[in-house]
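See structure below.
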Amino acid sequence: MGTFEFLLQGIAIAAQPMNLLYALIGVTLGTAVGVLPGIGPALTVALLLPVTYKLDPAGSLIMFAGIYYGGMYGGSTTSILLNTPGESASVVTALEGNKMARAGRGGPALATAAIGSFVAGLIATLGLAFIAPFVVKFALSFGPREYFALMVLAFVTVSAAFGDSTLRGLTALFVGLALAVIGIDQQTGQARMSFGIPDLLDGIEVTTLAVAMFAIGETLYVACQGDRIPEKVEAVKGSVWMSRQDWARSWKPWLRGTFIGFPIGAMPAGGADIASFLSYSTEKQFSKHKDEFGKGAIEGVAGPEAANNASAAGTLVPLLSLGLPTTATAAIMLAGFQQYGLQPGPLLFATNPQLVWGLIASLLIANFMLLVLNLPLIGLWVKLLTIPKPWLYAGILLFATLGTIGANPSVFELGMLLTFGLLGFAMRIFGYPIAPVVVGLILGPMAEQQLRRALAISQGDVTTLFMSPIAAVLFVLAVLAVVVPLILRARGKGEVLSQFAANED
Amino acid sequence: MSEVSSSHGKRRPDRAALVIAPVLFILAAVIWWDAGRLAEMSNYSRIGPATVPHVVAIGLALLAIWTAFEAWRGDFPEREPIEAQPVIFIVAGLAGQMLLLKTAGFSIATGVLFALTAFGFGRRKLWISLPIGIAFSFVVFIIFGRFLQLSLPAGPLEHLFF
C-alpha cells in the first residue's frame, strides 16, 4: 500500500466521531493553555498529558496531536498581543506582531499568523506523511551503532550547537544524562543511583522533570523578578480580516517560511526558533517594504509563524520514524507514547500503522479545526491574556502539581517536583538552557541501550562504532556541531548563535 | 538567553557561579562511586551497567573544571537582582501541598498552594485567596478525579460530597 492509501485510511480513523471530539478537545485545550503567557508548547503538552491518561492510545495520541498544534497556535496570539512571548519560537513574531498590534493592526497580524500557520501546518503535515515512510525504509538498515551515532548528534545539536554557551548547553545535557542513570538498569536489572529508595527504582518521570523545570522553574523565575516589567495587553482594534494588500504581502512569506521551517524541524537540528529566525531574516531581505521592518511589517509575522509551525510538524519526522526527539516538546510527546508501551520508530509503522496514520491524519484535521476555531474565538483568547499574574501562576502551579499527583499520588513524587523546580529555577538564573536536560533524560537510556548493543556485538571493541559509513558521518557532524560554534563564539560571532538559542521547545 | 555580557572591561570572578563547579564535581563523584558498586555481569565485553555512568561522571567532572574556569573569568551572563521573598512563599506553598496532601486531601492541600502562590505574587488577602483556591481545586477534583478518573487523594472535604 502506498502512502496515499495509508493516509486515507488514517483520515477514516481520525474522522470517527469520538476521535473528532478528542481532536476538538485537544486543540481547544492546547490553544487555551498555549495562549497563557509564560507557557510554551513544551509545557502545554506536559501539563495536558494527564488529561489523556485514561483514554485509549489512539484517542490519547489524537488529542495529543491537537494539543501540540493548538499550543503552537496559542503562542503566536500571546506574542502578538503581549510583548512577552510564551514560547521562544515566537520571539520573532513578537518583534513585528506586537508593533502591528500597537499600531491598531492586531487583527490582520493575528489573521496572517493563523492562516500562515494553517498553510504551513497543512503542507508540512503532508510532507511528514510522504517523507516519513522513506525515512522509515532508510532507518530499517540502521543497526545499533547508527542509532547511537544519531542520538549523539541529537544530543549535540540540542545542547551545544545553538544558544550562547557551549559549556552551559553541555552541562545541562549531562545533568539530564546523570538523571537518566537513576533507576534499574535495563539489561542487568541492577539498581543504579537509587540509594535504596524504592521510589527511585523506576527512574525519573520525564513529565515530572519537564513540568517541574518549565512550570515551577518559570514561575519562581517570574516571581523573583518582582513587578519590574509591566505587561500590557494590546486590544484588538478593528477587523480581524486582512485587506487585499495584506494577502498579497503574506502568501509568499507563508510558503517561504514553510520551506525553511520543515527541513530544519525534520533534521535533528534544533527547534522551531532557528527556523523562525531564518525566515525573519529571509523576509527582511526579500521584502519591498524594508523600512517597515521593526515597525510592524506583516511579512515579519507571516514568514516566521509559518516557519515555526512547519518546523513543529517537521520534528515529528524524526520522532515518528526514528523515535528520536529533537526538542523538549518532542521529548514529552515521546513520553506520552511510552506511557502506552509504544516506541515510535520504524517498527511502529509496521506493527501499528492505524495508530501512526491516524495520528498524522488527525494532525491535518486539528489544523483545519484551529483555523475555524481561532479567528472567531480570538476575543476569548484575549480574555485569557488578561488574567492577573497572581491567579495565572497560582493556576499554573495547580495544574502542574495535578499532573504529578494524578500520575502518582505520593509525597515523594511531589518532593521531586519541588526539587527539580528549584533546579530549573537555579539553571534559569545562571542562563542554562532547560531543553537539553529533558532530552538527555529521555534519550539517555535509549542511547545507552544502543551503545551497549553495538559494543556487545563487537565484543567491546569501541572502534566498531566508527566503522559504518553512516555512523562515521553522523559522528563527524556531531563533532562539527560542537567545534564550529565554539570557534565562532571565541571569535566574537556568538551573537548570531545566541539568537538561535533553543530555549524552550 | 540573549543577554550576552559584552563588556570588555575587567571581569571579576563570579562567586555564585563558582559554586556550580564543586556541585557538578560532587555529582560526578557520587555517580562514579555508585557505579563502582555495580557487579560487572557481562563476560564477553567490557561493557556493563557501569560503563555509561562512568562516561557521564567523567563528562561532568570535565564540565566542572570548565565551569570553574569560566566562572573565574566572569564569563557567565550578568544576572538580574533577585527578590527572595516571593520565591520563599511559593516554595512554602509547594511544600505545604506536599505535606497536607495525604491528610487534608487534594482540594485543601492544593488550595493552600494556590493561595500562597498568589501571596507570593502580591495578593496578600489570604482570607479571599484561600477559599477561592480551595473551591477551584475542588472543581478540578470533580472534573479530573471523577470524570477523568485520575486517582486524586480525597480528604475530609471530598468525603463530605462523595
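Quick reminder: no glycine exception, Cβ is built from N, Cα and C everywhere.
All TrEMBL annotations are machine predictions without curation.
What you see is a predicted model, and the numbers here were worked out from it, not measured in a lab.
Per TrEMBL, the feature transmembrane segment maps to B:16-35 (among others). Long-range Cβ contacts of the transmembrane segment (B:16-35) within its own chain (Cβ-Cβ under 8 Å, at least 6 residues beyond either end) map to 49-50, 53-54, 56-61, 63-65, 67-68, 70-72, 76, 79.
Annotated domain 'DUF1468' per TrEMBL: B:20-153, in sequence order. Shown for the domain 'DUF1468' (B:20-153): DSSP residue counts in helix, strand and coil, namely 100 helix, 0 strand, 34 coil.
What TrEMBL records for B:47-69 (among others) is transmembrane segment.
According to TrEMBL, the transmembrane segment annotation covers B:89-119 (among others).
Sequence-distant contacts of the transmembrane segment (B:126-148) (same chain, six or more residues past either end, CB-CB distance under 8 Å): 106-108, 110-115, 118-119, 154, 157-158, 162. Residues or ranges marked as transmembrane segment in TrEMBL: B:126-148 (among others).
Sequence-distant neighbours of the transmembrane segment (B:47-69) (same chain, 6+ residues past either end, Cβ-Cβ under 8 Å): 17-18, 20-22, 24-25, 27-29, 31-32, 34-36, 38, 40-41.
Confidence over the domain 'DUF1468' (B:20-153), given as mean pLDDT on the 0 to 100 scale, stands at 86.
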